[in-house]
Every structure is written in structure tokens, then in C-alpha cells.
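A.B. asks: What TrEMBL shows for this protein is this:
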type	residues	note
BINDING	SER49, THR50, ARG51, THR52, GLN76, ARG100, HIS127, PRO128, CYS129, GLN130, CYS258, LEU259, ARG286	carbamoyl phosphate binding site
BINDING	ASN158, ASP218, SER222, MET223	L-ornithine binding site
DOMAIN	3-140	domain 'Aspartate/ornithine carbamoyltransferase carbamoyl-P binding'
DOMAIN	147-296	domain 'Aspartate/ornithine carbamoyltransferase Asp/Orn-binding'
Amino acid sequence: MPKNFLTILDMPRDEARQVLLRAKEMKDGKVRTDLLAGKTLLLIFEKASTRTRVSFEVGVRQLGGDPVFITSRDSQLGRSEPLKDTARVLSRYADGLIVRTFGQEKLETLVKYGTIPVINALTDEYHPCQIMSDVLTMYERTPSLDEIKVAWIGDGNNMAHSFINAAATFGFALSLACPAGYLPDQGILDKARSLGADITLTDDPARAVAGAHYVNTDVWASMGQEEEQKKREAAFAGYAVDDVLMAKAAPGACFMHCLPAHRGEEVSEAVFEGPASIVWDQAENRLHMQKAIIEWIYSN
Ligand code: CP
Ligand code: NVA
């Protein structure tokens, strides 16, 4: 059976810890440049991407493999060829699929009908590669992850869901502030809590950031929700991360954002460009962490 990475919970806790340590080693230059020799990984993207696409393409090359990028616009996926047929065809050509799409069930279909590993490069429900990279970014500053508090301010979206999973896997306390109607999925919360995660949910951003070492936010309208922008701007009024909110976090707290960011909406220009912001390290760590995830899948 191939290994897949559809959510952070696909990785047993001890293996996730190993992947974190390997990502740090890779960042320090210890990369197996022949890991993917002779292998082709297909990137199938049904939504826009800068970081995820480029960091995966570069990372696959650095591991000695060949990345091939396709979208639904220029493949038969956009003309309704069933995903289960696509999965079986692509499994005859390539050694893995790195997929950005809408519903998580599409990844599950690729797993069910294909015979090669599938990596989640963002769905409506989860963004596990991003949050694994964000865990690396926190770990570099505060190695005792079980002693930190992380705040999530804004939409209970794909990013929030993967943070919830990461809280269960890595043991940090997570406090989410989300307005009514934009809460994270209850089943995902229940599952993480059943695994021992320390998660609180409030509608008050000040409560969520109180004592937090890391303050995270994300766009208010994710890809596919563009027509809800105005409605969401109203719903998220008061959820912008600015200097006043950051002052309520722990001394020396860092600001995090997966990017792309909307300055003047979910984060102020001053916080985004200020000394607390670690967003460029987050972006860089995509490259290192994703290589470690690939190594987890392809090394025996
Ligand atoms: N953070 C992130 O996933 O960025 P892209 O949409 O540019 O890939
Ligand atoms: N929540 C955002 C993340 C983008 C990287 C989205 O899904 O569009």
C-alpha cells in the first residue's frame, strides 16, 4: 500500500516528530539528492498557487526527481473525465500525485482508484503541508512545542483545521477566535480533543491571543469563496491582527500568515512588515518540510 499524506493525522505522532527533525536537517543541508532518482511526481492543481507549486517543483528536483505540472484547465479533468479514470491512468505513468483541489473527497477518490502516493497540496478542508512547515517555523524558535500557545484569529477554514490536527500531533495549546458562522468543523475539533489536544474556541480575538507565543491569521475569503468577500468582510470586522491585538499576546510573540496576505484586511501593514512577522521564514520552510514529507513517503 502506498503512503499518502492527506491530513496531518495520516502521520503517526512519532513519525511526524521525525519528519520535523528531518526537515530541520534538510534545511541545514543534509538532503538525499538521489531519493527520487528515476521518479516522476505529478502536480495536479485546480486552484492558483505560487508557494506550493514552486516549492514542490524545486523540492522534487532537489531530491533527484522530475515534477510535471498540470491543471484542470489544460487537461481532460476540466472536461469532466472522471477522477477515478484519471487516477488509474496517471498511476501507470508516474510515481506520485501532489494535488491542490476543492473537496477532500477528491483526494480520497485518487487514493481509492490510483496505486501511487497522494499528497494534499491544499483542499477546502485542509492545508497539511503548510501547517507542517509552520510547525517547523515555530520549532526553530521554541523547540519545546508542548510549552507554547498558538492563537488562530479569523476563519475556521482549511488552515485552522490543519492547525487543529497539528495541536493533537505536536502538543501545543491552540486557541481559536472565529466569528459565529465561521467556526471550524466540529468533527475535526472533536477528533483532535479525543487525541488529547488542548484547544479552546472563542469569538473574542483578545482572549485567543492572551499569552500566545504565535498569532496566526489567514485571508477571510479563501479560494473558491471570492463572491463572499463583502459578506465576509462584515462578518470578520474586529478580527484584524494589528498592533493593539499583538500587544495582548506574550512578550516577543511572532506573527504568522501562510500568504498570500491582504494587508489592511486580516492583518495591518505595520504587523505584517514589522519585527514580529516571520512570514518569509514560513514561506521558505515549505521547501524543506515538503522534502521531508516526500522522504517519509518514499524512503523504506
Ligand atoms: N501558502 C500557500 O499555500 O501559498 P500558495 O497558494 O501560493 O501556494
Ligand atoms: N485559506 C486559504 C489558504 C491559501 C494558501 C485558501 O484556501 O485560499
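Positions of Cβ are set from backbone N, Cα and C atoms, glycine also.
Locate each feature and note its surroundings.
C.D. replies: Close to ARG51 (carbamoyl phosphate binding site) in the fold, though at least 6 residues off in sequence, lie LEU259, ALA283, ARG286, each with a CB less than 8 Å from its CB. Taken residue by residue with DSSP, ARG51 (carbamoyl phosphate binding site) is part of a helix.
Its own atom aside, the Cβ of ASP218 (L-ornithine binding site) has 25 Cβ atoms within 10 angstroms in the protein chains shown.
In the predicted model, residues of the domain 'Aspartate/ornithine carbamoyltransferase carbamoyl-P binding' (3-140) average a pLDDT of 97.
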A.B. asks: Please list, in sequence order, the residues in the chain of SER49 (carbamoyl phosphate binding site) that are at least six apart in sequence and whose C-beta is under 8 Å away from its C-beta.
C.D. replies: ARG100, ALA121, LEU122
A.B. asks: Using a 10 Å radius around its CB, how many other CB atoms surround HIS127 (carbamoyl phosphate binding site)?
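C.D. replies: A count of 28.
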A.B. asks: Check the Cα distances from ASP218 (L-ornithine binding site) to each of the binding-site residues GLN76, HIS127, CYS129, CYS258 and keep only the ones within 10 Å.
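C.D. replies: Passing the 10 Å Cα cut: CYS258.
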A.B. asks: Beyond the listed site residues ASN158, ASP218, SER222, MET223, identify every same-chain residue whose Cβ lies within 8 Å of the center of their Cβ atoms for the L-ornithine site.
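C.D. replies: Leaving out the recorded residues gives LEU122, ASP124, HIS127, ASP155, ASN157, MET159, VAL219, GLN225.
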A.B. asks: Are any of GLN76, HIS127, CYS129, CYS258 (the binding-site residues) within 10 Å of ASN158 (L-ornithine binding site) when you go C-alpha to C-alpha, and if so which?
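C.D. replies: Of everything listed, what lies within 10 Å of ASN158 (L-ornithine binding site) (Cα to Cα) is HIS127.
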A.B. asks: Do any residues at least six apart in sequence from MET223 (L-ornithine binding site), in the same chain, have a Cβ closer than 8 Å to its Cβ, and if so which, in order?
C.D. replies: LYS47, ALA48
